[in-house]
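First the structure, in the form of structure tokens, and then the observations on it.
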């Protein structure tokens with residue numbers, strides 16, 4: 001008797017990806033975030049779909065429609081806050097997933113890594129456009145400030161910004177197109193995730209030691225399915241605690257004020273997960289320079305495979321690189337804090353130093369330390 005699981009054209013793809021997939025026997029909980037990101041994406045698409053059923057993308061009614069969802073729709077408040085805080089959980093998992101990749105040298109899977117960086121950009125774009133939709137003060141001014149950055153592009157900048165706006169300011173046309181893009185992009189993300197997995201399954205997973213694990217593989221199911229379920233439980237628990245006890249903890253109070261083009265909020269700042277990049281943007285006095293630094297702060301991830309000079313793949317047995325890695329983490333936390341502070345002394349200089357350190361660690365310090373460790377192996 002043939003096993004349908006292994007012969008059916010469609011089911012066998014699922015089988016090779018989630019059931020009979022050979023996985024290293026020693027991957028730790030840091031490898032759980034891939035499945036958690038998949039779950040986050042599903043939660044976001046489902047809650048987003050139900051929100052879109054009641055939301056109107058018109059400047060006159062957008063804010064009221066969100067209020068209507070929270071007050072009048074059955075469990076609308078739950079759906080709305082699951083969607084808003086689900087985005088935060090998504091980014092927490094993303095940052096940990098990327099951090100894991102950096103620590104254990106997963107970036108040597110070149111295609112998988114680069115698709116991952118493109119995914120990061122796409123998710124950031126989606127989150128930015130989603131933040132504009134409730135049409136509160138921070139939505140409007142955030143959209144104005146961030147889209148305005150494109151005007152720094154020489155020659156075509158101003159035309160480009162007005163083309164994106166669909167007018168001479170952020171208005172009805174902007175909101176409508178942002179809603180359209182915010183709706184379609186998660187499906188683009190889902191397609192990219194498939195490609196990400198396709199490339200990953202060409203090589204198999206990395207593991208904490210960074211060594212080849214072909215000699216010791218175990219089936220994904222039941223070992224890692226049960227392990228993933230634990231991660232899922234913890235993620236859902238954290239999300240629901242956030243949603244049910246302090247849904248506005250990570251939001252901005254200014255977004256409960258309807259958008260008003262005539263009154264600028266005292267401190268315009270994005271959601272917490274963009275603050276590190278926002279701090280880098282603000283730390284450069286020149287507009288174009290700031291925009292380039294902002295883009296390069298994420299794009300620099302693509303350089304990691306080229307900057308890897310160590311003879312070992314993982315940082316597991318490289319204490320010096322470990323120290324530098326954790327300094328980088330501390331630096332990113334510092335940048336996140338600075339991004340939420342007003343532009344005044346001493347925050348300006350702290351932000352500038354943290355920005356310089358960020359690029360210095362990645363481009364200079366980590367490769368140098370890797371070479372020192374290579375030398376130490378010979379002695």
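Cβ coordinates come from backbone N, Cα and C, glycine included.
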*Swiss-Prot annotation of transmembrane segment - which of the ranges 178-198, 199-219, 262-282 it falls on*: 178-198
*May I ask you to indicate which of 8-28, 113-133 is given in Swiss-Prot as transmembrane segment?*
113-133
_For the transmembrane segment (226-246), sequence-distant contacts whose Cβ falls under 8 Å of one of its Cβ atoms, 6 or more beyond its ends_ = 29, 32-33, 35-36, 39-40, 43, 78, 81-82, 85-86, 88-89, 93
*Measuring CB to CB from residue 201 (ubiquinone binding site), give everything in the same chain under 8 Å that is also at least six residues away in sequence.*
16, 17, 21
*Looking at Cβ-Cβ distances, which residues of the chain lie under 8 angstroms from residue 196 (heme b b566 binding site) while being 6 or more apart from it?*
112, 115, 116, 119
_Whether the transmembrane segment (178-198) meets the transmembrane segment (113-133): three or more C-beta pairs under 8 angstroms_ = yes
*What is the total of other Cβ atoms whose distance to the Cβ of residue 182 (heme b b562 binding site) is within 10 Å?*
21
